[in-house]
């Protein structure tokens, strides 16, 4: 019995076949990495944040209906058929905390607006924005003082009008 050792050329062919087979089908570790990375980077905002954002976009004193809130939550990617109980629970908790105020209806129905706590926070943010903008406005005011104030211009026009009226008589 003679042992036939495979030639070096046959090893190369076999190795080439193995590489081709592995390159066509992704390994299990590669297929697991792909979806996990995508889900970690694309995270949805919480339901309460979505609700508060939609109510805040409407304004402090305006109302938002339950249907409009459901539509906003479903647009962000939540399945409302499966998450209706969660949606109702989040709404009721926001009302209890004082972040939302229920204008009409009972329970998790009716229309809602921002509560006092949330309205106060939004007013503080608006004041901060105004403070940031004031230095820019002061600069424009100083330029106006160099050119002349509007009050002095109005006084000049009043004097001209009086003179014109006096000449007509």
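Including glycine, each Cβ sits where the backbone N, Cα and C put it.
Quick caveat, the model's predicted, so the values are computed rather than measured.
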Per Swiss-Prot record, range annotated region 'Disordered' [choices 1-36, 37-72]: 1-36
Range annotated as region 'Disordered' - as stated in Swiss-Prot, picked from 81-117, 118-154: 118-154
Proximal but sequence-remote residues of the same chain as residue 62 (phosphoserine) (Cβ under 8 Å, at least 6 apart): 113
Whole-number mean of pLDDT values that fall within the domain 'H15' (43-116): 91
For the domain 'H15' (43-116), the number of residues DSSP places in helix, strand and coil: 37 helix, 11 strand, 26 coil
